[in-house]
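Here the structure comes first, spelled out in structure tokens, and everything after it is commentary.
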Amino acid sequence: MTPKFDIDYVLANITEDDKIALLSGSDFWHTHAIPKFNVPPIRTTDGPNGIRGTKFFAGVPAACLPCGTALGATWDRDLLHQAGVLLGKECLAKGAHCWLGPTINMQRSPLGGRGFESFAEDPHLSGIMAKSIILGCESTGVISTVKHYVGNDQEHERRAVDVLVTPRALREIYLRPFQIVARDAHPGALMTSYNKINGKHVVENPAMLDIVRKDWHWDPLIMSDWLGTYTTIDSLNAGLDLEMPGPTRYRGKYIESAMQARLIKQSTISKRARKVLEFVERASRAPVSADETGRDFPEDRALNRTLCANSIVLLKNDGNLLPIPKTVKKIALIGSHVKTPAISGGGSASLEPYYAVSLYDAVVEALPDAEILYEAGAYAHRMLPVIDRMLSNAVIHFYNEPPEKERTLLATEPVVNTAFQLMDYNAPGLNRALFWATLIGEFTPDVSGLWDFGLTVFGTATLFIDDEMVIDNATRQTRGTAFFGKGTVQEVGQKQLTAGQTYKIRIEFGSANTSPMKAIGVVHFGGGAAHLGACLHMDPEQMVANAVRVAAEADYTIVCTGLNRDWESEGFDRPDMDLPPGIDALISSVLDVAADRTVIVNQSGTPVTMPWAHRARGIVQAWYGGNETGHGIADVLFGDVNPSGKLPLSWPADVRHNPTYLNNMSVGGRMLYGEDVYIGYRFYEKVGREVLFPFGHGLSYTTFHVSPEATVSPIVFSSDSPPTATVLVKNTGPMAGAQTLQLYIAAPNSTTPRPVKELHGFTKVFLQSGEERSVSIHIDRYATSFWDEIEDMWKSEEGVYQVLIGTSSQEIVSRGEFRVEQTRYWRGV
């Protein structure tokens with residue numbers, strides 16, 4: 001049990017140095033302790049879809065939940081609350097008091113590298129999902145840190161870019177999810193973003209931080225993103241409480257100097273220290289484990305499976321191709337994702353999972369009597385797959401000297417694969433600024449032939465196989481996007497190998513500062529990283545031919561492919577919406593021979609181009625599904641779960657159609673949010689542009705009827721008694737299922753341009769076949785309000801408001817109305 005401390009007593013008695021120490025982290029994950037006054041260190045931990053703990057390298061395995069867009073696609077408050085509880089319990093097992101999540105930035109572009117981390121393109125849906133998962137997490141005693149406040153909606157030059165956005169768009173779109181969280185959840189911490197907003201970094205922008213504390217009357221601990229503090233004086237005076245990580249770069253002795261010059265007041269230091277102590281006092285109540293451990297329990301697996309299955313969106317099901325009958329005799333599974341599931345995106349979302357269920361294993365389990373044919377068809381990886389199951393006796397040795405010198409071994413760590421990130425690794429005597437490491441292990445290939453090897457590095461590295469150099473990624477390097485945007489491109493080498501023969505693999509690695517490559521706008525965590533991958537060299541045309549052959553033979557074909565953490569990750573944005581090279585050709589070739597019995601399962605966190613969509617009878621969007629990816633997909637494909645997911649973002653047919661196409665990267669250090677409030681479906685509806693699949697879309701194996709007239713009461717809007725819209729919904733189909741009713745508001749004509757309609761409520765209802773139920777959706781004052789830039793306030797405009805209830809943004813099934821009798825202005829939440 002952590003000893004208690006009195007905040008006022010501590011502040012009155014600690015030294016100035018102790019106060020200043022509180023204002024920055026002690027190391028990569030912890031706050032400073034003051035043992036004399038029983039002030040403990042508080043442990044923070046990533047990430048958005050699972051709890052990694054304190055180690056990027058050789059971390060303790062963890063539960064991996066579906067990605068943010070997958071959770072958003074459930075449109076299910078209760079499930080998100082349960083997900084939050086699971087994350088909180090995982091934190092406790094890892095000894096962590098504070099979860100660095102959720103992410104609630106906006107997917108203004110389908111190309112954003114971290115788009116998969118956030119819930120939705122709509123601020124209302126994003127805010128409600130965030131509120132639910134936060135309340136679940138904090139019910140365990142763990143503090144949530146909602147992030148990234150605000151405008152970190154793309155990765156390109158994220159530390160340097162100046163986001164130019166109108167006050168109206170800032171308030172109505174980008175701040176709104178945080179505002180909902182402030183109103184409904186009051187999490188204990190808020191993380192600032194790396195970027196600038198309208199000329200000034202958020203972390204040192206008093207106007208932005210005052211919105212939180214003065215406008216919304218929410219007073220969380222405000223911490224920086226990791227290495228996202230850029231000044232001493234401005235950040236402290238603006239309201240940043242905690243610089244992370246430690247050791248400090250801008251506080252400590254620099255605060256002392258600024259105080260001597262009276263650039264920072266003593267009262268400011270005390271105020272910031274008080275907030276840190278309040279955070280520590282609250283966080284220290286969490287009953288965390290003394291050691292980092294796992295907790296892989298059956299009930300957690302069941303929840304993860306439910307989360308995955310309920311997130312899956314049935315995009316297309318012509319002729320009721322799905323569900324596939326379990327009596328099928330022969331089924332073809334095609335795609336590299338079949339045996340290598342994409343469980344998460346990259347960056348802060350990466351972790352070592354307890355396990356990962358592949359679709360192949362799940363189908364074998366679901367169809368014990370069927371003949372299952374498998375072909376990869378085309379590789380979907382960007383970096384060659386890491387070596388793991390064919391690796392044995394692997395360790396990494398650490399030194400302060402390069403391999404050509406006489407050197408002293410400082411540490412040895414066992415490894416289970418050939419990828420490592422050392423940003424938070426340390427060992428006694430190791431010079432973190434400049435060190436070297438040697439990975440050695442035994443590789444036993446399972447197939448004879450020519451093997452491709454790929455080596456990507458943040459630092460420098462060379463690969464030797466049986467002491468023969470195969471790849472040199474040290475002498476000449478080309479910058480790529482790996483490792484948060486700091487790594488090289490993948491350098492490739494080849495070697496002829498024999499199945500069953502054991503080969504000695506050796507990687508000579510130099511830490512980050514051994515590389516001359518530098519980049520603007522990316523986060524330099526230090527330490528370095530490397531990824532060695534390998535696979536049998538294959539002829540792409542022959543791979544497709546093999547896939548076509550099994551598709552032609554089978555009664556049903558499932559093509560499961562898409563993106564993965566190589567393509568969607570923190571640190572870089574996608575250059576286009578395309579699937580990996582060769583995937584579209586594979587799908588088209590399979591459809592040529594088996595279009596009437598083929599289901600396409602796409603795994604990605606954000607939209608991809610589907611030039612073959614008009615030919616496919618069945619299309620399923622499966623996101624990144626976490627530990628239970630294979631089970632979740634199979635449950636839907638074979639009808640054990642009736643799909644109920646709805647798209648949390650619009651799915652454009654072409655990347656050029658999206659509203660940010662001309663403004664999706666830093667140009668001259670700035671990024672113009674030229675679409676203003678017209679993000680996602682707001683844009684497509686305003687300009688009348690068709691999308692491939694609309695926001696809120698998702699099919700079911702059953703059918704529903706909704707009463708065409710919504711009863712809205714009271715008919716006159718009052719903030720003291722806001723209206724509720726009520727409809728009858730009936731399951732008119734053959735099986736139980738869930739329908740999400742989405743409430744959109746169409747504002748009256750105004751001198752201020754408004755979107756055609758905006759989401760302001762939703763509810764998900766589960767009904768047995770033939771069951772009918774009355775369903776109500778509450779309407780709050782946000783539904784009638786827009787940000788008046790002249791008055792600098794919210795404006796609720798008089799007039800008649802249309803209530804449009806739909807099963808997607810384009811399928812409006814019920815209507816009603818209410819009126820606002822008098823225009824009012826307001827602030828706050």
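The backbone N, Cα and C atoms fix where each Cβ goes, glycine too.
As recorded in Swiss-Prot:
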type	residues	note
ACT_SITE	Asp225	active site
DOMAIN	389-548	domain 'PA14'
CARBOHYD	Asn13	N-linked glycosylation site
CARBOHYD	Asn304	N-linked glycosylation site
CARBOHYD	Asn473	N-linked glycosylation site
CARBOHYD	Asn602	N-linked glycosylation site
CARBOHYD	Asn627	N-linked glycosylation site
CARBOHYD	Asn664	N-linked glycosylation site
CARBOHYD	Asn749	N-linked glycosylation site
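Feature map: annotations from Swiss-Prot on the structure.
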residue: Asn13; record: N-linked glycosylation site; Cβ within 10 Å: 12
residue: Asp225; record: active site; Cβ within 10 Å: 24
residue: Asn304; record: N-linked glycosylation site; Cβ within 10 Å: 26
residue: Asn473; record: N-linked glycosylation site; Cβ within 10 Å: 28
residue: Asn602; record: N-linked glycosylation site; Cβ within 10 Å: 24
residue: Asn627; record: N-linked glycosylation site; Cβ within 10 Å: 29
residue: Asn664; record: N-linked glycosylation site; Cβ within 10 Å: 21
residue: Asn749; record: N-linked glycosylation site; Cβ within 10 Å: 8
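Across the fold, the C-alpha of Asn602 (N-linked glycosylation site) and the C-alpha of Asn627 (N-linked glycosylation site) stand 17 Å from each other. Among the glycosylation sites Asn13, Asn304, Asn749, the ones whose Cα is located within 10 Å of the Cα of Asn627 (N-linked glycosylation site) are Asn304. The two recorded residues, Asn13 (N-linked glycosylation site) and Asp225 (active site), show a Cα separation of 30 Å.
Geometry remark: Asn304 (N-linked glycosylation site) versus the residue listed as 'active site', CA distance 28 Å. Nearest by CA distance to Asn749 (N-linked glycosylation site), out of the recorded positions Asp225, Asn473, Asn664, is Asn664.
When secondary structure is read from DSSP and collapsed to three states, Asn602 (N-linked glycosylation site) falls in the strand class. The distance from the Cα of Asn473 (N-linked glycosylation site) to the Cα of Asn664 (N-linked glycosylation site) comes to 31 Å. Looking just at the domain 'PA14' (389-548), the mean pLDDT is 95. Between the CA atoms of Asp225 (active site) and Asn664 (N-linked glycosylation site) there is a gap of 22 Å, rounded to the nearest whole number.
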